[in-house]
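The structure under discussion appears below in the form of C-alpha cells.
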Amino acid sequence: MAVELLSQATGYGVIVGLSFLFCAIILICVRLQKRYLSEDSDQSEMFMVANRSVGTGLTCSAVFSSWMWINESVFSAAYTYKWGVALPIWWASGLSFQIALMAIMGIVAKLRVPYAHTSLEFIRRRYGNYTHLIFIVLNLINNDFGCGSMILAGSQLVTGMTGMHVIASCVLIPAGVVLYTAVGGIKATFLTDFLHTSIALVLLLYFSISVLVSPHIGGLSGLYEKVLAADDYIEGNYRGSLLSFKSEPAILFGLVLKFGNLALVLMDTAFWQKSFASEVRATVPGYDLASIANIAIPWCTGTIIGLSALAIEKTPICIAYPETLTLKQVNSGLVMPYVLESLLGKGATAGLLVLIFMAITSTISSSMIAVSSIISLDFFRTYINPQASNKKIMQVSHTGVVFHGCFMAGFGIMLQYAGATNNWSTYFRPIIACPGIFPMILTILWDRQTKAAAIGAPLLGLCSGLAVWLSLSWRWGGTIDINTTQLQLPELYAAITSFFSPLLYSIIISLAWPSRFDRREFLKIDLIEDKSVASSESPSTIAVNQIKVQTTRRSSPLRRKPRQQA
C-alpha cells in the first residue's frame, strides 16, 4: 500500500527552489573570484581545470561529493533491509579502493602529462585519432549510464515520496545544474560540492543518530535485540540470519559493485579532471581522505536505517503497518523515507529530499563538465577547428553543458519507460564500462602497449562481456528480458570477463607486434592560451625544463647537507 510521505508542492518547491538558490550562490561566487582572485571562468584553463590550483580541502570535498551517490545512503539502507548486515560492509569496500587507486593514477598523470585537460588527450597523443575516438565513445557511455542511472533512481525516489510525475523529476533535477555549471565551470562544481558535502553530512549524521537513539529503537543494544526478534529468514545467508556476514547475495552484489565503481572512476573524465585541477601536493591526500570518508556512509547510515526498518516494520509505529514494504518499493529505495517518516516525522523526510537533491546534482554537475570538455577539447578542437580561440572553445563548452543536460533528461525518461531500475543499471553498467580500464591504465604505466592493443583490447573485451552476459542470462533465466538480465551470477561473470579479458588481449597483441612509446611525447600537450606564461617558449618546453631542473637538483651533490662535526 502506497503511503503519501510528502506533498507534490513540497517536491516541486525543494527541487526548483534549491536549483535557483545554488545558481544564485554560484553566480555570486564566480563574480567575486573574478574580481578579487583574478580567477576568470571565461578562460578555458579556469573553466575546465581551475588553473590547476585547487587545494586539499576542496579536492577532498569535490571527490567525496561526486562519489556520494544516493546509492550509498538511500539504496544501501534498502539493500541492508533485503540482505542484512553484510551488505553495508561490502558496499563500503566497493566505494573506497577505487578512489585510492585514482589518487595514484592522478599523481602519475600529473607528473607525466602535466598540461592535460582530460584523460582522452593523452590517449590521442600516444595512439592517434582512431583510438582517441574509440575511447571518446567508451567515456561517453560510462558518463551517460552513470549520470542516467542517478537521474533514474532520483526521479523514482522523488516520485515515490511526493507523487510528482516522473517526467517532471527527470527534467527538473538536471535543469538547475545546467545553469550554474555552464556559468562557473569546474570551479563552480568544486564550490557547490563543498556546500553539498557540508549539508549532506549534517543531514546524514542527524538521520543516523536520531534513528538510533529513538525510543522505538533503543540504541545499539535495542536495535540488536529487535533485529534478533524479527527472525526474518534471508535466503543465501548463513542460517538465514540477518546478522551473518556470510551472505551470498551481499557478496555477489559487492563484487559486481566493485567492478562497476572502478569503471565509474577510471573511465570517467570527471575524476581525471579533478586530479588535473588540484595542486600536485593536494591530489593524493585529497583523494585518500575522500576514500576514507566514503566508507562511513553505507556502513553507518545503511546499517542503522536498514536494520531499523526491519525492527519496526511489524509494529504500529511503522506508517505502512500492518502491511510491509513490497519488493518494488524496496528496489526503488523507499526504505529510508519510510523509516524517517515513521520515527522522525515529515521534517526529516523533507530533509531526505534535500539530501537526494544534493547527491544527484553533485553527480550531474561533474558529468556535465566532463562531457563538455570532451565535446569542446577532444572533439571540436581536435577534429573540427584545431585553431579555435579560447572564446570559441568556451562557447562550445557552454553548449556542451546544455546539450548534455537535455540529453540526460531524455535518457533518464527513456530508462524509466523501458522498465529499468537502479538495480538493473547497477548490474549492467560494469559490462559496458569495464573494457577500457586496463588499456587506460597501461597507457600511463606501460610504454609497450601498442596502438593495435589499445584499439582491439577494449572492443574485444566489450564483445566478450556482452556474450557472457546474454548467454548466461538465457541459460539460467530461460529467456532474455529485463528480469533475467539482472540475475547476479550472469552479471558477475560478465563483469569479470569485461574487466580482465582486455588485459589479456592487450598483452598478447602488444607482445605479438611489439613497439615502445617515448613518454616525452606527453609533454607536447600544451595549455590553452596560457597568459600566465610570460615567455616565448611553449608550455611543453617549459615543462621539460622544469623537470630537468628538478632532476638536477635532486641529484646534485651540492644540495647535500654537510655532516655535523662531533
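Placed from the backbone N, Cα and C atoms, the Cβ positions cover glycine too.
No curator has checked TrEMBL annotations; they are predicted automatically.
Taken from TrEMBL, the feature transmembrane segment covers 12-32 (among others).
Positions annotated as transmembrane segment by TrEMBL: 53-70 (among others). For the transmembrane segment (53-70), same-chain residues at least 6 beyond its ends with a Cβ under 8 Å from one of its own Cβ atoms are 95, 99, 150, 153-154, 157, 187, 189-191, 193-194, 196-198, 200, 265, 270-271, 274, 277-279, 281-283, 285-287, 289-290, 293-294, 297, 333, 355-356, 358-360, 362-363, 366.
Here TrEMBL flags 90-109 (among others) as transmembrane segment.
The transmembrane segment feature in TrEMBL is assigned to 130-152 (among others).
For 164-182 (among others), the entry in TrEMBL reads transmembrane segment. Same-chain residues lying 6 or more positions outside the transmembrane segment (164-182) and placing a CB less than 8 Å from one of its CB atoms are 8, 11-12, 15-16, 18-20, 22-23, 25-27, 151-152, 154-156, 158, 188-189, 192, 357, 360-361, 364-365, 368-369, 398, 401-402, 405, 408-409, 412-413, 416.
Residues annotated as transmembrane segment in TrEMBL: 194-213 (among others).
Residues or ranges marked as transmembrane segment by TrEMBL: 250-271 (among others).
Tertiary neighbourhood of the transmembrane segment (292-312): same-chain residues 60, 64, 67-68, 72-73, 76-81, 85, 87-89, 91-93, 95-96, 99, 204, 207-208, 211-212, 214, 216-217, 223, 226-227, 230, 232, 242, 318, 325, 335-336, 338-340, 342-343, selected by CB-CB distance under 8 Å and a gap of 6+ residues from either end. Feature annotation from TrEMBL assigns transmembrane segment to 292-312 (among others).
Marked as transmembrane segment by TrEMBL: 401-420 (among others).
Taken from TrEMBL, the feature transmembrane segment covers 426-446 (among others).
Here TrEMBL flags 453-472 (among others) as transmembrane segment. Within its own chain, the transmembrane segment (453-472) is flanked in space by residues 123, 126-127, 130-131, 134-135, 138, 431-432, 434-436, 438-439, 443, 480, 485, 487, 489-491, 493-495, 497-499, 501-503, 505-507, 509-510, which lie at least six positions past its ends and keep a Cβ under 8 Å from the stretch.
TrEMBL lists 492-513 (among others) with the feature transmembrane segment. Beyond its flanks by at least six residues, the transmembrane segment (492-513) meets 252, 255-256, 259-260, 262-263, 430-439, 442, 448-450, 452-454, 456-458, 460-462, 464-466, 468-469, 472 of its own chain at Cβ-Cβ distances under 8 Å.
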Non-local residues, at least 6 beyond the ends, that sit with Cβ under 8 Å of the transmembrane segment (194-213): 22, 25, 57-58, 61-62, 64-65, 68, 73, 219-220, 223, 297, 300-301, 304-305, 308, 336, 339-340, 343-344, 348, 351-352, 354-355, 358-359, 361-362
Winner by Cβ pairs under 8 Å against the transmembrane segment (426-446), considering only 90-109, 130-152, 250-271, 401-420: 250-271
